[in-house]
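Now, the feature entries from TrEMBL:
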- A:32-57: transmembrane segment (TRANSMEM)
- A:89-115: transmembrane segment (TRANSMEM)
- A:90-317: domain 'ABC transmembrane type-1' (DOMAIN)
- A:127-151: transmembrane segment (TRANSMEM)
- A:181-200: transmembrane segment (TRANSMEM)
- A:254-274: transmembrane segment (TRANSMEM)
- A:294-317: transmembrane segment (TRANSMEM)
Amino acid sequence: MSGQRLQAEAEPELAPAPLSVRGGGHDRAGRVFRWLATGSGVLILAVLAAVAGFLLLEAWPALSASREDLAAISWIPDDGSLLGYVGPLVFGTVLAAILALLLAVPVAIGIALFISHYAPRRLADVLGYLVDLLAAIPSVVYGLWGGLWLAPKLQGVWGWLSDNLGFIPLFEGPAATPPRVMMTVGVVLAVMILPIVTAVSREVFLQTPRLHEEAALALGATRWEMVRMAVLPFGRSGVISASMLGLGRALGETMAVLMILSPGLTYSWALLMAGRHQTIAANIALQFPEANPLGVSALIATGLALFVITLLVNMAARWVVSRRAAFSGAN
Amino acid sequence: MAQRIDVKDLDVFYGDFRAVADVSMVIEPRSVTALIGPSGCGKSTFLRTLNRMHEVIPGAHVQGTVLVDGVNLYDREVDPVAVRRQIGMVFQRPNPFPTMSIAENVLAGVRLNNRRISRSDAADLVESSLRGANLWKEVKDRLHKPGSSLSGGQQQRLCIARAIAVKPQVLLMDEPASALDPISTLAIEELIAELKNEYTIVIVTHNMQQAARVSDRTAFFNVTEAGEPGRLVEMDDTRTIFSVPSQKATEDYISGRFG
Ligand SMILES: Nc1ncnc2c1ncn2[C@@H]1O[C@H](COP(=O)(O)OP(=O)(O)OP(=O)(O)O)[C@@H](O)[C@H]1O
Ligand SMILES: [Mg+2]
């Protein structure tokens, strides 16, 4: 741009050329695109602001209500503290999501790498297709499967864990029967987000420039060393994005948690004991049908908390990705 | 350190397609051998067979033998990974690891050998390799910046530093200067002249003057028509090839671009 202008000043007779180019059909398309892009960006911001505004507005009665009024709601603790109510829910929500992520991401990376760099072509195609298919299954199906089929099978495993590793606070016993506990939720959520995290990671790993893979191989890297030198560093930010996608799903998952977890409002690390945890989304679904107006408002306040968590998680992910942007391979 | 390479009756295939046929040549230690020829005649294909990098391409395979100091590279017991650790390669497009710093890039190959090297040894190796690649002066103050922050010519010299850091016996270069400006090209050519004292170098180039300037021996490859395999037409001292080639095809090719 500035180069063009400079030239136009130095040689006035050339000035019309850039002008006529600017008026041409190319630039009209460019302008339309710019408006579309800007418009969509603004629209997203507007929707985000509208959601935040709605949540604030609707949560306000509960946020400003007196303790006595809140305590009158049956499922709010007797001290009537809204923070005392939201706190354990936030704890449970984040715990479930992190547990799911810890279980799912390493497995997802493994499967994605197997598909992208180890499996023979034919097998890789089939597996890739299968993973995409699994990613499209609605979460309620995973919930049903987890609650009805998987949970009973996990009972023995949890029992063993609490018997043998019970000295670790996380596995403190006795393990509940039936295992309607946080650990089961974590496993089911992990299975639920596994396909999407795998699918996105695989896509990213496949994008590794051949140039970098060959650079590693030519130095005498084995396949695994090549993966470590070229593929994983290149895919790092993509895997983080994929994990955040999975985390978002886990944070908001309602039906699976509702069907599995026996709820409770405590800050407990005991993953194998029932009646200790609850997540925000499942709690809203559970209490909403019987809530009075103030109750609804209190539930929306918990929804506001979920909204904030999601925003924070995304910002954190962005920060992690940008911190090493110079080394990302995008340049 | 430098070793003699003996190629005997080598055919290279991509699947069913025979890309290179019947190549036999001897590459002397501590010399620079240039591979020249028209596009598509199989120079890169042939070069990659010298450190088994062709195996990275699905369906690519060879027939024939390549002896390095008497050992056949393609023997069953020979591990391609071990081969590549001894026979380094520099590619046409510079390919430093973008996620690594300049220093880490130089050390990448050394770390692969699972050698735990001390911090000071590593620093020494980084310096000597970068000096060897004529890059030290330009980057010594920013060794911890990403490798991709360098100019194209500097990146290519970084790749050379990375290749020589593992002290290979042979260095293969596929048009290492084709993406570079004349000054970087000159730097690389001077570098090749120095490296020759320690390494056996095979270089592919489209630049006749470059072949004439840097190489001791020149091999001319040609392909008669599309679908036919490329063949080694002749190989001789560079001076002979560029003054009195024994084959008409060589003369045509060289004079077409040279005189
Ligand atoms: N990965 C591949 N799969 C199938 N055929 C290939 C592959 N790479 C190269 N070929 C074919 O092998 C022949 C030789 O190619 P090669 O790249 O070795 O030529 P070259 O002499 O290096 O050419 P250039 O000077 O353009 O780099 C060509 O006919 C090419 O089409
Ligand atoms: Mg080539």
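In case you wondered, yes, glycine gets a Cβ from its N, Cα and C as well.
Here the listed stretches are A:89-115, A:127-151, A:181-200, A:254-274, A:294-317, and the one with the most C-beta pairs under 8 angstroms to the transmembrane segment (A:32-57) is A:294-317. Long-range contacts of the transmembrane segment (A:89-115) within the same chain, counting only residues at least 6 positions beyond its ends with a Cβ under 8 Å from a Cβ of the stretch, are 124, 127-128, 131, 182-183, 185-187, 189-194, 197-199, 201-202, 204-205, 227, 231, 239, 242-243, 246-247, 250-251, 253, 257, 265, 267, 271, 277-281, 283, 302, 305-306, 309. Ranked by number of Cβ pairs under 8 Å to the transmembrane segment (A:127-151), the listed stretches A:181-200, A:254-274, A:294-317 are led by A:181-200.
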